[in-house]
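> One structure, pasted below without further comment.
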Amino acid sequence: MTVFLSFAFLAAILTHIGCSNQRRSPENSGRRYNRIQHGQCAYTFILPEHDGNCRESTTDQYNTNALQRDAPHVEPDFSSQKLQHLEHVMENYTQWLQKLENYIVENMKSEMAQIQQNAVQNHTATMLEIGTSLLSQTAEQTRKLTDVETQVLNQTSRLEIQLLENSLSTYKLEKQLLQQTNEILKIHEKNSLLEHKILEMEGKHKEELDTLKEEKENLQGLVTRQTYIIQELEKQLNRATTNNSVLQKQQLELMDTVHNLVNLCTKEGVLLKGGKREEEKPFRDCADVYQAGFNKSGIYTIYINNMPEPKKVFCNMDVNGGGWTVIQHREDGSLDFQRGWKEYKMGFGNPSGEYWLGNEFIFAITSQRQYMLRIELMDWEGNRAYSQYDRFHIGNEKQNYRLYLKGHTGTAGKQSSLILHGADFSTKDADNDNCMCKCALMLTGGWWFDACGPSNLNGMFYTAGQNHGKLNGIKWHYFKGPSYSLRSTTMMIRPLDF
């Protein structure tokens, strides 16, 4: 307030004593009014004024920026009086200002108190609002901080658990690493020992190789000499075999001549020594040939009941006691077994090689007496096996040469690859199987297929290396599987009472 009044007083003095070369109006002589606006309050000051007019300085000895004077201009020799007058005027102004200040203070007390009270009330209301807002914001922030704290605690707990798990895993890994390190060290030690042993073995092996090289050279010389000897022996054997074949042929021709002579003598009624007529009994099968004293495997002539002509067959006198009549043989694929019904009926091929005896002859032979069947098998690795049946016979042509078997044994599988309950014979031109697919056309050859079945010894012949994965080959399922084509097969029969 004091500063404000000081500014007001300064403004009044400047207004009062300024020299502007303007004349005052008559109504304003002796007094001067000054109005000051401060906020909502307006203050009017009445300032006394000295009689006389301000003179304008005409001399250059005074400052050009000098203020207008209240007293009339006098000459310089009256300067002391002027100063006294000014001092007196200043004292009056000072007293007047003190009175004015006291008046303003007295009159402004109530207004200032009211203003302060209003300001305090407004400030209090504002502070209350601000406080309320701060409290609500503080509560909201506190709630958020609580949530954040909860989340932080939960996250911290999870992190602690995870850290603990990681610590356990790290401990386990360290333990495993330590164990593996120990094992690696042990293995390294073993490797060192093995390397040492290997070096020793290499030295010994080198010595042995040198020895073997010497022995190999000696053996090669020996093999060369033995090869020459073997070749000479083979030549001798071939010559002996040729001679033997000639002798066998001569023997067969001689036997045929003897049989013809016997038959001729029987028909002409020739009497033998002692005057008795003896009827010659022909060979019904190879068992009769064997029992007659012929125990060498080869081709013999037999006389089958109800057949108009004799039949040449191959007799196996070596396997399981001999006396076997061969009815089928495969060995080199030189004969085509994809034949028709009539050919399988009467037979085809050469008894000394690959051949089929003929269904009509097999039926006639097995109708004479009870027979057993033996099947010899060999694969391309040289393994041999057999299947044997205690009872074997087939029906006539009207019965489609139906197969009848009983009592299976042997090494070519625990189960029989032939149909035991009976199956009709089928060829490419006579489909008698139990399948819509015509097994004889699909699997080739003539056989007792039933529903194509697990065997076909008259199938296509495949050479070594091409015998795998062949469903239409020479197969015996329970020996080598359904798609392995065998190297050789032999089917032969012998009387049960042999």
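Heads up, the Cβ atoms here are built off N, Cα and C, so glycines get one too.
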> According to Swiss-Prot, which of these ranges is coiled coil: 81-119, 354-392, 432-470?
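In Swiss-Prot, the coiled coil feature sits at 81-119.
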> Consult Swiss-Prot and report which candidate among C265, C315 shares a disulfide bond with C286.
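Among C265, C315, the cysteine that Swiss-Prot links to C286 by a disulfide bond is C315.
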> Between N92 (N-linked glycosylation site) and N122 (N-linked glycosylation site), find the distance joining the two CA atoms and give it rounded to the nearest Å.
43
> Quick check: of the recorded positions listed here (N154, C286, N295), which one has the Cα closest to that of C452 (disulfide bond)?
C286
> Using DSSP and three states only, what is C315 (disulfide bond)?
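Strand, per DSSP.
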> N295 (N-linked glycosylation site): which of the recorded positions N122, N154, C439 have a C-alpha within 10 angstroms of it?
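Matched recorded positions: none.
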> Measure from the Cβ of N295 (N-linked glycosylation site) and count the other Cβ atoms within 10 Å, all protein chains considered.
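A count of 13.
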> Looking at Cβ-Cβ distances, which residues of the chain lie under 8 angstroms from C315 (disulfide bond) while being 6 or more apart from it?
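C315 (disulfide bond) has long-range Cβ partners C286, V289, Y290, F294, S297, G298, I299, Y300, G322, G323, W324, T325, V326.
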